[in-house]
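Notes for the one structure printed next.
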Amino acid sequence: MRESRKLDSAALYLCTDARRERGDLAEFADAALAGGVDIIQLRDKGSAGEQRFGPLEAREEIEVLATLADAARRHGALFAVNDRADIALAADADVLHLGQDDLPLTVARRIVGDRIVGRSTHDLDQVRAAVGEDVNYFCVGPCWPTPTKPGRPAPGLDLIRATAALGTDKPWFAIGGIDAERLPEVLDAGARRVVVVRAITAADDPGAAAQRLAGMLSAAG
């Protein structure tokens, strides 16, 4: 499957909100993807746009995802839906990302079929479970506390080191508070793929920020 090959080579994963308060999602996504983002995921929970306009309704979310889908396909990248298997199916998403408390994997698979499915993990037991279950990739963290997930303890780089020591062939991404300044520490801990949020979404030049991160990841191999 072409999408699986794209996942195998993916190193830079971006989570973004819908940027409703700025109204620049299409331009932002295009710049970030041109800069080297491999996977772009919509996650609007807790965003400035949600605080101002309220939660995205399903119809609105599908419209936002259409913008991301268009940009991702023009740049040969993958686009992901957070949590909602029904939205992933309706939007024809490449990827569904599940948290620990989201829909059970078996149910999600019945809805999205053989689409790429990922899983969040926050301790070594969850990492081991993700290695063994029918997910295509998993995320490990948070490496540092982050406002995206307020109140969630950060297991830190020790969990990244422990995950790297497992030597799994399944793709996995470090996540949580990662930016260009902290990325060398994450790479030293053994990760070769990362998820970022504010490192690109809050950048004055999202394309340049993505390009810098992608270059560092590429150099690390």
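The backbone N, Cα and C atoms fix where each Cβ goes, and this holds for glycine too.
The annotation 4-amino-2-methyl-5-(diphosphooxymethyl)pyrimidine binding site is assigned in Swiss-Prot to Q41, L42, R43, D44, K45, N82, S120, K149. Taking the Cβ of R43 (4-amino-2-methyl-5-(diphosphooxymethyl)pyrimidine binding site) as centre and 10 Å as the limit, one finds 18 other Cβ atoms among all the protein chains shown. Under DSSP, R43 (4-amino-2-methyl-5-(diphosphooxymethyl)pyrimidine binding site) is assigned to coil, being neither helix nor strand in the three-state scheme.
When Cβ atoms from all protein chains are considered, those within 10 Å of D102 (Mg(2+) binding site) total 17, not counting its own. The Mg(2+) binding site feature in Swiss-Prot is assigned to D83, D102.
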Cβ neighbour count within 10 Å of L42 (4-amino-2-methyl-5-(diphosphooxymethyl)pyrimidine binding site): 25
Neighbouring C-beta atoms (10 Å sphere around the C-beta of S120 (4-amino-2-methyl-5-(diphosphooxymethyl)pyrimidine binding site)): 22
Between D102 (Mg(2+) binding site) and D44 (4-amino-2-methyl-5-(diphosphooxymethyl)pyrimidine binding site): CA-CA distance (Å): 16
